[in-house]
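Enquirer: Feature list, courtesy of TrEMBL:
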TRANSMEM  B:7-26  transmembrane segment
DOMAIN    B:7-129  domain 'Na+/H+ antiporter MnhB subunit-related protein'
TRANSMEM  B:38-60  transmembrane segment
TRANSMEM  B:72-92  transmembrane segment
TRANSMEM  B:112-135  transmembrane segment
């Protein structure tokens, strides 16, 4: 009962935050609200007992993303441009995509369904055997780093590739040498 | 250069050490509590980013130069993949951590997880700090009224 109320409040606040973001023109406010949105999501993850994910969401979503978005604002513009064309087509696309996603969830097993495919043999195996096989109390760590070590290697490679990509875009390889020279002259 | 408020600077200086300590706790205590390389990497990066925001890019780059950060980005992936290749040299499959201590497989798992988590942490720290440097390096300094 308590959990239902907590979930209800958190989801309502998420929706309110989302509408507040849509209605804002000042990007600084938008970034701050997005940070609030991430924190609320992190609290939802805690309510779902997914503390590791909540930790990541709070650190990355509410922390680093906010800083990087503020950096982007500082490089570009402080306010959103008013829409020059009518919003009908984008609204239609959003509605159709949203309907498609909701339709897709209809086939998914209910939350916490013991008959769900992942709960039938995979999760029980991890939960019963991980102490014996890996001997690490936090099952999330043993799944992430050992059972699914290949996945995590791929994730690390993705972080690596994303970082390199952002660096290459931001440093603007073609102009860098000229810019460095200018800075040296300034200094 | 315009300096931030005294309270901000003092609080930041006292916080940075604690944040780094907490990052190491999250990194090495990930076996027992929530957290691991990804979270620890981000927290570690936050310490440097906070320092950079308050004291300026130049100051933080005296502590952690950009070229070191760029090496860290690649080093983490190398540590992770290197662990797997080391396992292969020991005669087992790629990323089969049990090969570190064949007599007691779960001990090897402990060391393996420690190494790959360290790799993840190094790469995530590197990427986050590198992206911050890239943004901040191009950012014109803003006054409080510009927002």
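Cβ atoms here come from the backbone N, Cα and C positions, even for glycine.
Small disclaimer: the values here were computed from a predicted structure and weren't measured.
Help me understand the surroundings of these features in the structure.
Expert: Proximity of distant same-chain residues to the transmembrane segment (B:7-26), defined by a Cβ-Cβ separation under 8 Å and at least 6 residues beyond the stretch ends, is recorded for 35-36, 39-41, 43-44, 46-47, 50-51, 54-55, 121.
According to DSSP, the secondary structure content of the domain 'Na+/H+ antiporter MnhB subunit-related protein' (B:7-129) in residues is 101 helix, 0 strand, 22 coil.
Note on the transmembrane segment (B:38-60): residues 1, 4, 8-9, 12, 15-16, 19-20, 22-24, 26-27, 30, 117, 120-125, 128-129, 132-133, 136-137 of its chain, located 6 or more positions outside it, place their CB under 8 angstroms from a CB of the stretch.
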